[in-house]
Amino acid sequence: MSERSVIHDIGYQRYTGIRLGRGYAARSLFEHGVRVAFGLGRSAKAKIFPWIVIGLVTSLALIVVAVKAQTGEMILTYQQLPSTASVLVMVFLAVVAPELVSRDLRNQTLPLYFSRPLARSDYALAKLAALATAVWLLMAGPQLLMFLGSAFTAENASGVAAEARGMLGGWVVATLYALVFSSLAVLIASIASRRAFAAGAIVVVFMITSPVVGLLAALGEGGALSQIAPMFSPFSLPEGVRSWLYGTSFDVGPYGPVYGLVTLLSITVCTLLLLLRYRKVSL
Amino acid sequence: MALIATQSLTKTYPGGVTALSDLTLSVEPGIIGLVGANGAGKSTMIKTLLGLLTPTSGQAQVLGLDPTTAGEQVRARVGYMPEHDCLPPDMIAAEFVTHMGRMTGLPRTVARERASEALRHVGLYEERYRQIGGYSTGMKQRVKLAQALVHDPDLLLLDEPTNGLDPAGRDAMLTLIHRIGTEFGISVVVCSHLLGEIERICDSLIAIEGGRLLRADRVDAMTTGTDVLAIEVAEGTDELSAALAQRGLTATAEGRMLLVPLADEDTYDLILRTVADLDLPLHRLDQRRHRVAELFSTAAPQPSLEVTHV
């Protein structure tokens with residue numbers, strides 16, 4: 001292709017139509033973010049990792065459905081799916097969060113966004129919402145698949161209703177995971193402009209907490225300390241809330257509400273730090 | 001209404017660097033050249049006009065709006081092309097410009113149409129479905145311009161648009177900017193450290209140095225009445241200078257030539273008569289148009305202002 005492109009002389013048209021505001025721009029950015037998360041409209045290379053993870057989580061659900069159909073036994077409940085898939089979800093975060101935010105830092109695209117009506121906080125929140133939605137879909141999709149499989153094998157309407165209730169419970173847990181994981185991952189990725197560093201940092205932060213929790217729990221010997229210890233890992237924090245709400249996970253003793261509070265605090269603090277990060281970002 | 005007006009605009013960065021100092025100016029719509037050496041405060045000025053930086057003191061108005069309080073409205077009507085690389089290499093140009101159009105509030109289908117239009121106007125048409133990473137510097141500069149143009153702004157702020165381009169690319173870019181300013185009816189502020197390069201497409205010039213305003217005026221106001229006559233004689237240059245001074249003409253020496261301000265047609269006669277009286281061999285007598293650059297260099301010494309004559 002020649003470098004010296006010809007400028008065709010067709011008159012310029014001024015635009016007099018509708019101009020939608022900041023809210024529309026933020027919604028568009030969110031939508032764009034969700035598409036980026038799944039590699040839609042991107043090269044095949046960008047699709048590989050997200051879709052491998054999606055494939056694995058989906059096959060988890062398919063196995064559950066298949067076993068249920070054969071034996072009638074549910075080897076994994078709707079609520080257990082997020083925790084079983086949590087390492088896969090983390091891999092998804094490590095791939096997608098840098099894709100969403102580090103890329104804009106690396107390519108210095110931020111000045112183009114911030115020289116438009118979009119506010120810095122709009123940008124940060126749209127990216128966070130996009131990641132949380134993508135992560136939620138990653139878990140809620142397979143849960144829906146489990147429901148559809150189970151509903152077909154259910155004997156009567158009340159059986160289907162019970163499955164639906166189960167799925168909704170699973171969605172609540174998936175929402176908790178999505179919010180806790182995403183807020184932390186976006187915050188980490190927003191600090192690193194290199195994707196590889198961002199991905200590594202996310203894995204390190206998520207993984208390093210697990211042995212700490214294990215150690216504390218062992219020290220507590222089933223006492224108060226071991227009931228509190230899981231709070232310190234993003235992997236087990238949502239599980240604690242699940243126990244508090246449904247009593248279906250590990251023993252949290254009387255600390256259920258504390259889990260709820262810490263979860264809320266974690267999401268809030270990460271989001272505020274993210275907003276601060278983008279307020280301070282140099283252009 | 002002035003396109004851009006500032007009153008005692010000052011920006012001091014934390015750390016004590018003063019990028020803009022007590023800048024007061026007012027410019028009319030058109031193509032405005034913002035010239036100054038690297039580090040003179042051009043980019044700071046642009047970012048302040050966009051409301052991306054808050055001035056330490058003083059005020060600015062862009063399109064009649066204050067960017068510090070009405071940043072959103074200002075940014076909706078302004079297009080900005082940064083100096084540095086700012087494009088995602090793995091995105092397709094048409095999609096990227098469409099995305100940026102939506103970020104400025106264009107509905108989806110309109111954004112797609114206008115992105116194609118904008119890319120066509122900057123001279124990218126066939127190539128627009130390729131990934132930006134495979135583009136040449138010249139094509140990337142055009143995409144940067146297209147994303148600033150996609151939402152049909154009332155004002156374009158272009159930070160060093162000719163950066164990294166070869167002479168032909170520079171010419172094409174400047175011609176394009178001139179077209180945008182004249183045919184498209186969009187006011188443009190062009191930042192450059194090369195005064196000689198942009199003066200020919202500009203209606204007005206703002207020259208800043210070390211954050212201070214050197215001069216802001218219309219180009220025609222700067223060049224009126226500034227024509228000079230260059231006289232070259234084979235010998236007796238000093239005698240001629242003295243003789244001209246006696247007849248009320250101030251001649252300044254420049255190399256082997258004498259420069260005399262051209263007041264009217266009589267100046268020619270006066271000089272010819274002086275030369276004839278002294279019986280000096282005249283080599284040259286011609287009219288030279290003062291370049292804007294020379295105005296600045298005589299107004300204030302500014303060795304750091306790089307000037308290239310195109």
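Residue numbers in this text run from 1 along the chain shown.
For all residues, glycine too, the Cβ spot is worked out from N, Cα and C.
Marked as transmembrane segment by TrEMBL: A:48-69, A:81-102, A:123-148, A:168-189, A:196-219, A:258-276.
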Checklist entry - Cβ under 8 Å to the transmembrane segment (A:123-148), counting only same-chain residues 6 or more beyond its ends: which ones? => result 26-27, 29-34, 36-38, 53-54, 57-58, 60-62, 64-65, 76, 78, 81-82, 85, 89, 92-93, 96-97, 100-101, 110, 113-114, 163-164, 166-167, 170-171, 174-175, 177-179, 181-183, 185-186, 190, 271, 274-275, 277-278
Item to check | Long-range neighbours of the transmembrane segment (A:258-276), counting only residues six or more past its ends (CB under 8 A) | outcome: 120-121, 124-125, 128, 176, 179-180, 183-184, 186-187, 190, 228, 231, 234, 237-238, 240-241, 243-244, 252
Checklist outcome for this item: Long-range Cβ contacts under 8 Å made by the transmembrane segment (A:81-102), restricted to residues 6 or more beyond its ends, are 33, 36-37, 46, 49-50, 53-54, 56-57, 60-61, 64, 127, 130-131, 134-135, 138-139, 142-143, 146, 170, 173-174, 176-177, 181-182, 185-186, 188-190, 192-200, 202-203, 206-207, 235, 238-239, 249
